[in-house]
Amino acid sequence: MLAMHCARVCSVLMGCRTTTRALSIRSFPGVTLAQIDEEVAKLLELKAHLGGDDGKHQFVLKTAKGTRDYNPKQMAIREKVFNTIVSCFKRHGAETIDTPVFELKETLTGKYGEDSKLIYDLKDQGGELLSLRYDLTVPFARYLAMNKITNIKRYHIAKVYRRDNPAMTRGRYREFYQCDFDIAGQYDAMIPDAECLKIVHEILSELDLGDFRIKVNDRRILDGMFAVCGVPDNMFRTICSTVDKLDKLPWEAVKNEMVNEKGLSEEAADQIGVYVGMQGGMDLAERLLQDQKMCQSTQACAGLTDIKLLFSYLQLFQVTDKVVFDLSLARGLDYYTGIIYEAILTQAGVAPVAPETSNEAPTEECVTVGSVAGGGRYDGLVGMFDPKGRKVPCVGVSIGIERIFSIMEQKAEASTEKIRTTEVQVMVAAAQKNLLEERLRLITELWNAGIKAELMYKKSPKLLSQLQHCEESGIPLVAILGEQELKNGVVKLRNVATRDEVDISRADLIAEIKKRTSA
């Protein structure tokens, strides 16, 4: 019965897609076309699993759940973003490493708290229990411990895997890239931490995604706050994971989880509620250092003192306008030991998306993309892998690249600007027939000189077709060969945008192309 129902729904969706879209949008004003497509895809997938109209299993050619393909335009956008990020990392003196895409399961176990359930385990093929890497931080710590490295400034860009419930319209996937920057070593307090925040500020500013905020807190402040509010020691991590949901859920829902699901007393939850509503800057840190309750925790006082120092360095880095001290920031990963931070877009210049937990239409106030960068200090992680427990202090940041890609793609779709998918500088074209050999000789000269060039794979292509290809692909120059040009020892160089043409001697052609394309 279910199979018949799903098949009927899918056939309606497939046969009347436009009408269905229109009905859905009119009936649910908060729903986007992308979300409708996502739901339709799920129904079609279910229909295929249950069987087609004849009851037989049908194979659906598709990507795995939570993954996607990228077309040339999307890859051009991604490459631009990657180049911006790598350029920033290198500007700050980082070197790069790489680690295996899968690790021993034991390497990853116990490092992520409640998020450990999202780790992908692999079937045992050779006596080792393996898991796909969940992030790039734990493999980095393992790398430091294995190689006995005590200081390094490194960046790493690679794919990670999470068995999460994907929301692909909001840039959440099961396979995605992370771009990490970390500083390992024993240094004076808060200097490396401040540089990590400076890097986040630089990258988000250069990508021009719109306005953003960087929230900072400290795990020692959180633990001290939990202690003075009456949270039992053995509940610190689980309550921290619940507080971490405040960026997605209202306080009442978070409190309900603390009290009714995790067994925290209502009094303790109410006291936590007072603190997690606080935001500010250095002034808030100074105020909390005078708070009678907070002063009872030496941990919290140490964290607050470091927050003050951090803000003094951030002032020198000229980034305090975007940074806010937010006591609700928790970051649920177990390995953080000190400063933590997270960057969110405040949506200026970003297309509205429907709220995740409401049936209301999106508004400027409720629009959110989620975190686009996050990180913190993890001084104990390397010691977990060292046989003698030797610690290497570390601090780092991870850029949430997939969400940034989603925003950049939205902006590109809304823009009239043409996206180039190749870097070809010049097209080698022929004005008459039977000039293939001459075109091949010329393009070989250009390639040997390091010029990016291409030609049409026809013996006698029409000149108009060659010029149209240049306009469609954004190729700026055309080197045109004809019988007269060959006789005179010149090449006609055409500017595709202005359509101006000039004869250039064969000997000067390479220098002229390089001069015109050097900007």
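Glycine is no exception: its Cβ is also placed from the backbone N, Cα and C atoms.
From a predicted model like this one, the values you see are computed outputs, not experimental measurements.
Annotation comment: Swiss-Prot describes Asp135, Leu136, Thr137, Arg162, Gln178, Asp182, Arg331, Tyr335, Tyr336 as L-histidine binding site, evidence class similarity to another entry. Counting every protein chain shown, 26 other Cβ atoms lie within 10 Å of the Cβ of Tyr336 (L-histidine binding site).
The binding-site residues listed here are Asp135, Thr137, Gln178, Arg331; among them, Thr137 has the most other Cβ atoms within 10 Å of its own Cβ. Across the residues the record lists as binding L-histidine (Asp135, Leu136, Thr137, Arg162, Gln178, Asp182, Arg331, Tyr335, Tyr336), the two Cα atoms farthest apart are 21 Å from each other.
Following the DSSP three-state reduction, the secondary structure of Thr137 (L-histidine binding site) is helix. Under DSSP, Gln178 (L-histidine binding site) is assigned to a strand (E or B) in the three-state scheme. Annotation note: Tyr336 (L-histidine binding site) sits in a coil segment as assigned by DSSP.
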